[in-house]
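Student: Mind looking over this structure? Questions follow.
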Amino acid sequence: MHFISPVLWQFLIKWLTNFAIFPPEASRIAPDVDAFYFYLIGISVVGLVIVGLLVGVFSVRYRKERNPEATQIEGSTLLEATWTIIPLALFMVSFVWGALLYFRIYNPPTNAMNVYVVGKQWMWKVEHPGGQHEINSLHVPINRPVQLTMISQDVFHSFSIPAFRVKREVIPGRYSTVWFEATAPGTYHLFCTQYCGTLHSQMIGQVVAMTPDDYQAWISGSTSGTSLAQNGERLFAALGCNSCHNGTPNAHGPSLANVIGSQVQLANGTYTTATDAFVRDSILNPTLHQVAGYAPIMPTYQGQVSEEGLISLVEYIRRLDSNYRIDQTLNVSETGAGSDAAPASGTSTSTASGMVKQ
Ligand code: HEC
Ligand SMILES: [Cu+2]
């Protein structure tokens, strides 16, 4: 890329995209991915030409009429070393270069804004933290790193935006992430690139990259009224989580304030970082990582919460800080001194503890 002259590079890319041989380059990483791709094509072409030429030249030069008697060649260390070292060096360059790109694509910068994506047969559901929902479309601002936290509700899918040169498997039961920084406003293709059943070919959509102002206008014009965290707060009460997790000293469960990103000690003495995935696992499969100092009384919520619900819970827990009680408005009376609960939270709490004791 940068070792070819920038003018030449621009020309090459323009030509390739004009003839629809290449998708447009619309993200920060796209030119770098393309440079690597051209390197791979380049060494393949060089290899092809050398081998092709040698086949041609040798078959003329060493043809039967000129060499009626076969000559035995004992080998040449120099020759063998050359054809070992040069390809090895070329492959090592691909390896290191590829690995550097890989780490860049799969390690989101910490200042990236997060958007959730749920894949299912056969659509992409996008959830913005502000509560905006989209189906088969994704609106993003340009010049800002965007991280996608993705999960599948059924089978394997793969989320791909060719113009951004990113793609990542979307797997049931596990969050996977990918990130990009769009550079040019526009509408780009979004594909599922993993065969996922009959209508796989229709699991497509569009990515709309917008200027920051347009994006702001879109975000404020598309709110559903409740953010993901607020939705999560409701679920937290409705599922009775707050009967055990309420930040009081005598609570049956650990306080969840500031838990995401922190080190949690497990019952077996080891420490683990509480990530989104850790929280999700804790809800669906509480015995998987038992938190130290607490009885294994947390029930599993497997089958009771949808992936979207889990995302809302994760967003809620992410936003819980030391003023746990203020955030958790639905549970104010529960964490207060008195046990006379207000009707709303009283109902949800008793349903929840009933559920737990079954
Ligand atoms: C019956 C009480 C109870 C209920 C109800 C309950 N939990 Fe828990 N929870 C616990 C206990 C006890 C632990 C710690 C032991 C363990 O890991 O199982 C825990 C652990 C967790 C953890 C890991 C916390 C940490 O410090 O790392 C998370 C996250 C969590 N619960 C979320 C939830 C959510 C969300 C709900 C509701 C959908 C919920 N819990 C419902 C008792 C409960
Ligand atoms: Cu799919």
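Using the three backbone atoms N, Cα and C, a Cβ is placed for every residue, glycine included.
So TrEMBL lists the following for this protein:
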COMPBIAS  335-358  compositional bias 'Low complexity'
DOMAIN    13-109  domain 'Cytochrome oxidase subunit II transmembrane region profile'
DOMAIN    110-221  domain 'Cytochrome oxidase subunit II copper A binding'
DOMAIN    227-321  domain 'Cytochrome c'
REGION    334-358  region 'Disordered'
TRANSMEM  36-60  transmembrane segment
TRANSMEM  81-103  transmembrane segment
Student: DSSP helix, strand and coil counts for the domain 'Cytochrome c' (227-321)?
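Tutor: DSSP classes over the domain 'Cytochrome c' (227-321) add up to 36 helix, 8 strand, 51 coil.
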Student: Looking only at the domain 'Cytochrome oxidase subunit II copper A binding' (110-221), how are its residues distributed among DSSP helix, strand and coil?
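Tutor: Grouping H, G, I as helix and E, B as strand yields 16 helix, 60 strand, 36 coil.
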Student: For the domain 'Cytochrome oxidase subunit II copper A binding' (110-221), would you mind checking the mean pLDDT of the predicted model?
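Tutor: On average, pLDDT over the domain 'Cytochrome oxidase subunit II copper A binding' (110-221) sits at 92.
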